[in-house]
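In what follows, a single structure is set out as C-alpha cells and then discussed.
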Amino acid sequence: MASRSSETTPLLGPGSAVEARDAHSAAPPQVLHEPSGTASITARISSILGPANRILLAGFLMSFTLGITQVPILYVFRMMECDRFYTHNPPYDGPWEDRCHRREINAGTAQQVSILGMSTSFSGVFNLFVCGYFIKLWGPRWAYVSQTSLLGFRVSTQILAVTIGGRTGEIVFQACQAIGIIGGPRGYQLVLNTSVAEVVAARDRTAVFGRLQGAIMLGTAFGFLLGGVLGDLYGIRRPFEVAFFLYVISTIYGAIFMPTEIAKSKKNGTTAPKKVGIAAFFAPLRVIVPHKYRLASGKVITNYGLIFLATGLFLGVFASGYCPTLLQLYATASFNWSTTENGYLMFGNALVRGMFLIVIFPRVISGGRIWFNGGGPPDASIAGNGATISSSATTIVAANDDDDVEERASIKAGKDTLPTDPMDFPAAEGLEVPQEPLLSPQASHQQTYGAANQPTDDSATKQDDEEDWGIEFDLFFVRWSLVIDSLVTFFAGFSSQGWHVYLAGFVLPFASGSAPAAKGLLSELCPPEQRGDALSGITLVESMATLLTQGLFGVIFAAMSEIDQPRLTFFCNAGFAVLGFIVLFMARLPPAGSKRIDDHNDDNSTDPLLSSAAAASSAATNGGQR
C-alpha cells in the first residue's frame, strides 16, 4: 500500500526518470574495449620509436661517428708537426716519449689546428646555406643522406692524409675540409633541428632542442672515448677507418628512418608561399633583422631583440666554443697528455653535457617558466570532459549540447561561484542583438610576441599562447648561463695539476644550455613558415663564432705558449663571455599583445580599424555595383 502524501512530500520520488538520468551522467564512463597486453606493448613501442626519438637517435649516431676522429686529429697534427720540426733541426737524443714536448711544437700544433678549425668552420657557414636549400628542395630525409655520405667521403681523404704524414699530410687534411661546404656537420644538425621543430609540440620545443643537443653530446662523448682507445691500441689510422664504416651505416639509417618532408604551414586556409632560387638560398639572413610590431593601441614600433640575441649568442659561442680544444691543448702542453687522457677528458665533458641537456635542462626550463611566470601555462582545458574555463567568470561551460549537464558542470566545477559583472551573464536565446563586426576575423585576434598572419580558429590562438608562454625565462636562462661559463673558464686558468683540468671539463657543461635555449626562443619569436630559416640563421651565427674563435684563440694560445704562459688564454676567453652577458641584457622581447608585421604588410602598418573600415567600404561598393 502506498504511503499517504503530505505537503512536504517531494513531487519526484525515488527512482524517477530525472534521478536516473543524473545517476547515469554521474557514473564513470564504461570502457567498451579493454586493450590487450599485445596492443599495449605495441603502442608503447610505437611511442618509443616515434619520429622525435628516431631523429634523436640519428643525432646520437652521427655525433658518435664524428667524435671518434676528434681526439686522434689533435694527436695526428702534433705528430705531423713534430716530424716537420725535426726535418729542419737535429735529431732528438732523449727519451722517445719526450720527443715532441717542446714549446715550438706546441705553438706549431696550435696554429695548424686553428687553421684546420677555421677551414672547417668556414665550410660549415656555406654548408648551412647549401643544406637549407637541400631541405627545401628534397626534404629532410635526402638532405640528411647527402650530408652523411659526403662526410664519409671526407673521412676517407683524412685516412689518406694520416698515411702521408708530415707537411703534405697537414695540407691534405686542411684542404679536404672544403668538402664540408656541400656536406658537413653543420648541415646534418640543421636537418635534425628543423625536423624536431616540426614534430614536437610548441610548449616542449625548447626542452626537446636541449634533448637533441644532449643526444649529440652523448654520441660525442662515447666517440671521444672510443677514438682515443682505438688510436692507442690499433694505431692512429684505425679511428678514421672505423668512422668511415659508421658513416655508411648512418647514411642507410637516414634513408630509411628520417622524415620524408616538412609539414607546410597553413594560415587562414592558405599555404605560405614557397621561396625558390636565390631567395630561398639566402632566406636565413633575413630572419635575424629588426622587425616591426603593431601594439594593441595601433602604434607601430621596431624591435631589435633578435639582433642583440644573435650578437649575445655569437659572443657566448665565441667564448665557450674553444674551451674543449683549449683544455686539450693546455693539458697536452703542460702535462704531456696522450690521446688516452684527452679521450677521457672529452668523454667526461661530453657525457656530463649530454646528461645535463637530456635530464636536467628540460626540468630547469619547465620549472623555471612556472617560477618566472608565477604559475603554469595558460592552458585551462579539462582533459577528458570537453570543458573549458570561461575567461570572464569562474563558470565552466561544457562542450556538449545537454542543458542539464551544462548547468551541473557550471555549478560543481567552478567553486559554486556566480558571475559578478552584468556583462558576464549570457543573453537568453532569441534576445541577442546581431552586430556587424568592426574588425575582420584575422584582425580580431591579437597575437602576443607576434607572428604576422593570424589564425582564425580558437585552437590556433591557444597554440600561439602556448608558444609564447615562458619565453621570458628562456632569455633569462641564456643570460645567466654565460655568467656561469665565464666564472668556470676564469678559474680553469689556475689549473696546476691534471685533475684540475678534469674538474674544469666536468663543470663547464653545466653552462651549456644557452644555445638550445636561444634556438627555442628564436623559433617561438618567428612565424611557423620561417622557423626553418630561423634555425638556419641561429646556426649560422654559431658557425661564424666557431670560425672566428678557432682562428683568434688559436693565435692567442700560440702566442702565450711562446712565452710559456698558455693559461692566460683562459682569462681572455672568460672576458668574451662577460661581454656576451652584457649584450644579452640589451635584448628585449616584443611587448605583450603586439603583432608582428611582415615585409608585405609594412605599407599597411596603420590602425587596424582604418584598414578594416576601408575593406568594408570596398566590399560595400562592390556589392552596390552588382
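Cβ atoms are placed via backbone N, Cα and C, with glycine included.
Feature annotation (TrEMBL): of 113-135, 274-296, the stretch labelled transmembrane segment is 113-135. Check TrEMBL against the ranges 1-35, 71-105 and you find region 'Disordered' recorded for 1-35. Under 8 Å from some Cβ of the transmembrane segment (501-522) lie the Cβ atoms of residues 193, 205-207, 209-210, 212-213, 217, 287-288, 306, 309, 313, 316-317, 320, 323-324, 327, 330-331, 335, 344-346, 348-350, 352-353, 356-357, 361, 364-365, 471, 474-475, 477-478, 481-482, 484-485, 488-489, 491-492, 495, 534-535, 537-538, 542, all in the same chain and six or more residues away from its ends.
Here the transmembrane segment (242-260) has long-range neighbours at 51, 54-55, 57-58, 61-62, 64-66, 68-69, 139-142, 144-145, 148-149, 151-152, 155-156, 159, 191, 195, 198-199, 226, 230, meaning same-chain residues at least 6 beyond its ends whose C-beta is under 8 angstroms from one of its own. As a quick check, the transmembrane segment (215-235) and the transmembrane segment (534-556) miss the bar of 3 or more Cβ pairs under 8 A, pairs 6 or more apart, so the two do not touch.
Between the transmembrane segment (342-361) and the transmembrane segment (55-77), three or more CB pairs separated by 6 or more residues in sequence fall under 8 Å, so the two stretches touch. Annotation: stretch 534-556 has the most Cβ pairs under 8 Å to the transmembrane segment (113-135), among 301-322, 476-495, 534-556, 568-587. Highest Cβ pair count under 8 Å relative to the transmembrane segment (534-556), across stretches 55-77, 301-322, 476-495: 301-322. Tertiary proximity for the transmembrane segment (568-587) is limited to same-chain residues at least six positions away from its ends with a CB under 8 Å from its CB atoms, namely 305, 308-309, 311-316, 318-320, 322-323, 326, 330, 475, 478-480, 482-483, 485-487, 489-490, 492-493, 553, 556-557, 560.
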